[in-house]
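**Q** Positions annotated as transmembrane segment by TrEMBL: 17-34, 100-119, 178-200, 207-224, 270-292, 304-326, 332-354, 361-377, 413-436, 442-468.
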Amino acid sequence: TMSDPEILNKKNKKLDFWIWGIASIIFRIILIYFPKNLNLSSRPEVSTPLTNLRRLAEGYWLKQSSISPYAGSMYHGSPLLLSMLGPLTVKKIEGQPNNLLCSLIFVNADFVAALLIRATGHYLQTAYDRSLELLGISTPLGRSEALPSGEIAALVYLWNPLTIVTCLGSSTAPIENLVVILTLCGACAGLAPLAAFGWVMATHFSLYPVILIIPVVLLLGFGPDAPPRKLFIQKKFGKVGMDLSSDKSLKHKEVTTLRVSPMHFSWVNIFHFLFWACLWSIYVLLLCGISLKDYGGLSEMFRRTYGFILCVEDLSPNIGVLWYFFAEVFEFFRGFFLIVFHVNILFMILPLAIRLNHRPCFLAFVYVAISSMLKSYPSVGDAALYLGLLGLFVNELAGKLDILTNAGDMHFSFFLFCGYVGVFLLSPVMHNLWIWRGTGNANFYFATAITYACFQIILVVESVSAMLNHDRFLRKLSTTTTTTAGIS
């Protein structure tokens, strides 16, 4: 039981979170009233051909004029977003900024996403503490003394400058990020219908979240992140000094007693998820078909949305690397390199899933970061999403396990921080020198994109390495605890 000072301290921490959360909303609303929202909607780092609100407004105007919203090359997003946000783009409030209603929706989406990140962190932390107790490690390692990891991650997401500029930049990325986070939160909570809804909507909006089905299945099957499952078997059999392969019947008996541990895979939750995913998919396709019944139907939607993403039809500059490459490559080789770039994402899925199968939520972070590097039309909103998810693992990556060995310490943190700041400060400068002043060329801007990709690679490699070091240290602690228990 907690003492009165501990309860008071816990209440103060919750109050601090709500104060900072509400302050982030007020800060966003103040910035909305700046002249032309600081002109962020025209920045290629913030708004892409898939997320640009101006393109959505153009598509809605075409539909209101009885023309296909996909006519021409303006709109390439979801018909559902067109129906939800389109009417708000034409409503003008006298004396108020343009697209004020849409901006308020994006502010709300950011705040709800932060609350979902906070809830996800709570599920992860509770399950992780329970796993440590099963292993006989009583002290929650690396626990932040200031705030729980979920609240840290939520505040990182709310106050990240990349999240703020995405919210203010007339981009639909906050809604896309919201449904991705909803997927992970539902899976961590074991709510198959919620996880299926988030996954279907995220895939419908931007295609790339389809790869999140692997961490979602692992989350629903095994539960939230835990130490390697091999440690639980070793813990059980280490007490009696018995080889795991010596007695199959005893092994089966011992394993069946571990239903509360991450050893048990729940097929029921998976079947529920697949059922609800099919149900939500049919419902979404039905709504899209009704919306586009006079404009080519679902085939037109797939060609203009997923086809637009996979074929990289728009070569306008962005912070990715594909636009420059396909602007230079010969047309004869275009199809080959399209396959190479997209399959490159798929090649990484299985090895990472095998190595990090006991940490599905962290695996989801890695998948999101990799897809942000290699997707056709990336934006800073993608970085805001995976940096927010990274905050969920601050205890494991902060190097608080062992002061002497710094197990789990993530290297190059300051270098990465400075690199990200430098890239996002230099990118507008290089774009201005190339497009507006004419004193540079495309290589100036592409150099910042290449540098940004390199920093993302370093971030993924170092975070995975730190997490694996954390698991190795847990293995040592578990072995020590088992040996001590056997001697006693």
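Any Cβ shown, glycine's included, is placed from N, Cα and C.
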**Q** Taking the transmembrane segment (304-326) as reference, which of 17-34, 207-224, 332-354, 413-436, 442-468 has the most Cβ pairs under 8 angstroms?
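**A** Maximum Cβ contact count belongs to 442-468.
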**Q** Verify whether three or more Cβ pairs under 8 angstroms connect the transmembrane segment (442-468) with the transmembrane segment (207-224), leaving out any pair fewer than 6 apart in sequence.
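**A** The transmembrane segment (442-468) and the transmembrane segment (207-224): touching, no.
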**Q** What parts of the chain pack near the transmembrane segment (442-468), using Cβ distances under 8 Å and only residues at least 6 beyond its ends?
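**A** Here the qualifying positions are 317-321, 324, 327, 352, 355-356, 359, 362, 365-366, 369-370, 372-373, 383, 390, 393, 396-397, 399, 408-412, 415-416, 419-420, 422-423, 426-427, 430-431, 433-434.
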**Q** Cβ under 8 Å to the transmembrane segment (332-354), counting only same-chain residues 6 or more beyond its ends: which ones?
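**A** Non-local partners: 208, 211, 214-215, 218, 310-312, 322, 325-326, 363, 366-367, 370-371, 374, 464.
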**Q** Which range out of 178-200, 361-377, 413-436 gives the transmembrane segment (270-292) the most CB pairs under 8 Å?
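**A** Going through each listed stretch, the top one turns out to be 178-200.
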**Q** Please indicate, using numbers and ranges, the residues of the same chain that are 6 or more beyond the transmembrane segment (361-377) and have a C-beta under 8 Å from a C-beta there.
**A** 48-51, 120, 124, 180, 184, 188, 208-209, 211-212, 214-216, 218-219, 224-225, 309-310, 312, 314, 318, 320, 322, 341-342, 344-345, 348-349, 352-353, 383, 385-386, 389-390, 392-393, 453, 456-457, 459-460, 463-464, 467
